[in-house]
Each structure stands twice: as C-alpha cells, then as structure tokens.
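Novice: After the structure tokens below, expect a handful of questions from me.
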Amino acid sequence: MTDIAMEAGKPKIKIKQVDWKQYLTYPNVILGLGWFICIAIGMVPAMESLLSIALLGLALLLIRRDEFYIFLMFFIFFVDQFNLGSGSPAYRIYSYLVLIKFIVEIPKAKFRVPYLPAFLVFFLFCIFGVGSVGGIRLGLHLFADIFIIYAILIRLKADPPMFRKMVFLFGAVAVAAGIYSLLAGNIISYDVGREGVRSSEIVRYCATFGDANYAGFFYNIAIFGLLSLKTPKWYARLPLVLVLHYFLLLTNSMTAFLAYFCCLAMFILLRYPKKSIVIFPTAAFVAIIVIAVVMAVPALREIDFIKNVVIRVSEQLRYLQSGRFDMFTSGRTGIWEYFMDFFNKQDILGKLFGGNVVTSAITDPKFTEHGACHQVYIQGLLTFGIIGSIVVFLTAIGKFFYKFVTYFTTHVKGENADIVRVVLIATMMWLFFGFSIDFFLDWRFMYFFFI
C-alpha cells in the first residue's frame, strides 16, 4: 500500500511497511516451533521420542493460554508420528492436559446444546458397543477423545479471533503433513492397465495418514478454510493455499477432486453471492482452458505429478463409461452390499439400535472379511442403528442448512461471516466424504462434525 505526499511541489510516494512484529508474539513463536518439529519428524524419524517430548514441552508452555487448545491441530495430522519411548502416543498426554484445563475453566464454558442428543448416541455406543468387544477401557478412551474435541470447540467457537488462528494453523500443519509425505515416502502405488495394454503406475501421497482419501479430506478443508478467512492478510495465506493445491493433486484421490469442485462452488456462492452467476461460467471456462493446455503440451503433460493425475482420471472415466461402477468405486460397491446385507438380516432391535462394532479403532472379528464399510452412512446404520443414525446425521445436516440460511439472512456481511463459511464448508466435506470413507469414531474426523 502506498501513500502520496507533497514535498516542495513534488509528489513523494511513501511505502507503508507491514508491521511483522504483530505476528511475532510469544504464542505464535511457540506454535511456529511446533510446526518445525513436525517437519523434523519426517527428516529424522529415529528421534521420534525426543521430538514428541519437545512438542509436549511446547504445549505446556501454552497451557495457561487459549492457544493451548489449538495445539490440537498438530495432533490431527501427526497423532501417529509422535510417540513416546513407551510406545504411547504423545496425544494421549496432551488430551489429559486438555481435560484438566477444561475442568478448571469450566465456568467459562458455554455448552452447545444441539449436539447433546448425538453426544448421548456416541456415549451409549462407546460403553455398550465398543465395551462389549474391546473392553470398557477402550470404550471410555474413545468417548473421552470425542468429549475433548467437543470441549475444545466450545472454547474456540466462543472466541472468533482464536478460531481464525486455529484455521490458519490447521492450514500450516496441513502443509507440514504434505512435506512429511515427501520426506518419509508415505505413498500408495499400484499398476493400472487393460489386457494387452502396457500398464502404468499410479502413485498417491497420503500425507501423514494411511489413506490418500483421508489426506484429501483434510487438504480440502485446509484450502477453503484459509480462503474463507479474513485474517491474517492474504499474503500470509496465499503461499499455503498454493502449496496445498499441489499436495491435493499428489493424493490422486477422485473423491478429493470431486470434493474440491463442490467446495469451490460453495465458496464462490458464499463469498461472492451477487457475482456468482458470472464467476461460475468464467471459472468453468478457465478450468477447461487449463485442462486443454495441459493435455496439448507434452512438456506439461509429462510432469510426474500431472501425468499421475491424468492416468488416474482417465482410468476412472474409462470404468465409468464401460459401466464398471465396481471398478470406478475401487471395489466399494461389493463392500457396501456385504454390509447392507448383514444389516438387512438383523432382527428389528439390531436395525433400530445398532451396536455392531465396525469402527476405525476396533472392528468385531465377525467383519474381518472386509473390516471397514468405506461409507459412513452404512457404518452409522450398523453402529448406531436407524434411530441413532437419524439423530447423528440430522444434527450435521440440520446444522448445515441452518447455517446456510442464516448466512444469507444475517451473516453475509457480518463480522464473523468468514467463520460461518469455514463451518459450512467443513460440514459439507464431512457429509460428502462420508459416501466414500468411514470415520466413526475417529476423533480427527469427528472434530469437523462438532465444528
């Protein structure tokens, strides 16, 4: 930004300097050090225990501040990477500290009543469902994790500036997770091809997760969360957004790509409601031009990560055109049929109240043939039953439509409009990805149920 002043009849341009000191606060420095520790774990995995202790030490330095709550962002991405010498996750220590801090500060808490019915469903399943298969201790641990993210969001939703800082940190740590994937080689690779045709290798980067679709879920929320914010300034957010687009392409996840365009449409509608009628066709035209240029220029088409995406998308489109929906969904249709067949064979009590243990933490041995539902809606029917599923999914869907309607009636130009955009996009992603993956009761995904 420039200011023009007159001196001796001549214009003089003054360049307004950015005051970077406002960002170099004590909490921000601690969070920045935490980010570098996340990078280090990919470079020197042999120092896992020492780095885990260092990360917990940084968390302790913030325990009297609200930034302690947003430290959770490091563990959303790196919960499996930071472990202590005993093999126990560093996150477990952090979660105990969060619980203590929340109890001490409980007079400040404003409980979010609309989530309580779903909370009851989760509690009953953890105690009676998980408890019957994995033991009551595991059930209590799962429920404690759910309560902790609920407690953290109680504090963050009541503090808009801290919520914005949380979203920014989430985006920054998402970048660290992408860098980790490159350093540690956390990838899935396989060959695709038709009979008589030379096969091609597809490489998919998984960030810090065991599934590239999981990485795509968090990358999408990080990208559009950063775009939605009004602070910090655009020049602090833009580099992260650009890098995250690169990492999103590296996942080679069809679900993530489809989700991206859904997010983009939602973001345009929310951010530019009056101009969206012009922006939509313009964005579509630009996308077509970019794709055409990439496909027409061999030098671009042969760049490794672009070539990977082209092969992956082409293969999926071929399956779709030939009517091989089973291949298009990577074999998920057969898995869905298997679990729905099990659900339909249950008695009326099983259908209504569920109780089958098919979770990310533990699965009943009777489901070992497939192990996972690969769809949260079928998983909900099995675990919570029809009644519990109605409670849980109506909570998420009801929140989405309520926020969507009130955004245009009261929030579109409001002080916290950016926060409402983040909540809407995160909730939409939670509902969208549910058609492709299952994540009950993984607290990392449930965080965006409660957001």
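Even glycines carry a Cβ here, placed using N, Cα and C.
Any TrEMBL annotation is an automated prediction that lacks curation.
Not measured: the values here are computed from a predicted model.
Pasting the relevant annotations from TrEMBL:
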TRANSMEM  33-61  transmembrane segment
TRANSMEM  68-84  transmembrane segment
TRANSMEM  113-132  transmembrane segment
TRANSMEM  138-156  transmembrane segment
TRANSMEM  168-190  transmembrane segment
TRANSMEM  202-229  transmembrane segment
TRANSMEM  241-270  transmembrane segment
DOMAIN    241-392  domain 'O-antigen ligase-related'
TRANSMEM  276-297  transmembrane segment
TRANSMEM  376-402  transmembrane segment
TRANSMEM  422-441  transmembrane segment
Novice: Who are the long-range neighbours of the transmembrane segment (168-190) in its own chain, taking Cβ under 8 Å and residues 6 or more past its ends?
Specialist: 31, 35, 38-39, 41-43, 45, 70, 73-74, 76-78, 81, 201-209, 211-212, 215, 218-219, 221-223, 225-226, 229, 232, 236-237, 240-241, 243-244, 246-247, 250
Novice: Applying the under-8 angstroms CB criterion, which one of 33-61, 113-132, 138-156, 276-297, 422-441 scores highest with the transmembrane segment (202-229)?
Specialist: 422-441
Novice: Please tell me whether the transmembrane segment (68-84) and the transmembrane segment (138-156) touch - that is, whether there are at least 3 C-beta pairs under 8 Å between them, with each pair 6 or more apart in sequence.
Specialist: yes
Novice: For the domain 'O-antigen ligase-related' (241-392), what's the model's average pLDDT?
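Specialist: Here the mean pLDDT over the domain 'O-antigen ligase-related' (241-392) amounts to 91.
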Novice: With Cβ-Cβ distances below 8 Å as the criterion, list the same-chain residues six or more beyond the ends of the transmembrane segment (138-156) that contact it, or say none.
Specialist: 66, 69-70, 72, 95, 98-99, 102, 105, 108-112, 115, 119, 122-123, 126-127, 129-131, 162-163, 166, 359, 361-362, 441, 443, 446-447, 450-451
Novice: Test the contact criterion for the transmembrane segment (376-402) and the transmembrane segment (113-132): 3 or more CB pairs under 8 Å, pairs 6 or more apart in sequence, then answer yes or no.
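Specialist: Contact between the transmembrane segment (113-132) and the transmembrane segment (376-402): present, because at least 3 Cβ pairs are under 8 Å.
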Novice: What parts of the chain pack near the transmembrane segment (241-270), using Cβ distances under 8 Å and only residues at least 6 beyond its ends?
Specialist: 171, 174-175, 177-178, 181, 202-207, 212-213, 215-217, 219-220, 222-224, 226-228, 276, 279-280, 283, 305-306, 308-309, 312-313, 316, 407, 412, 421, 424-425, 428-429, 432-433, 435-437
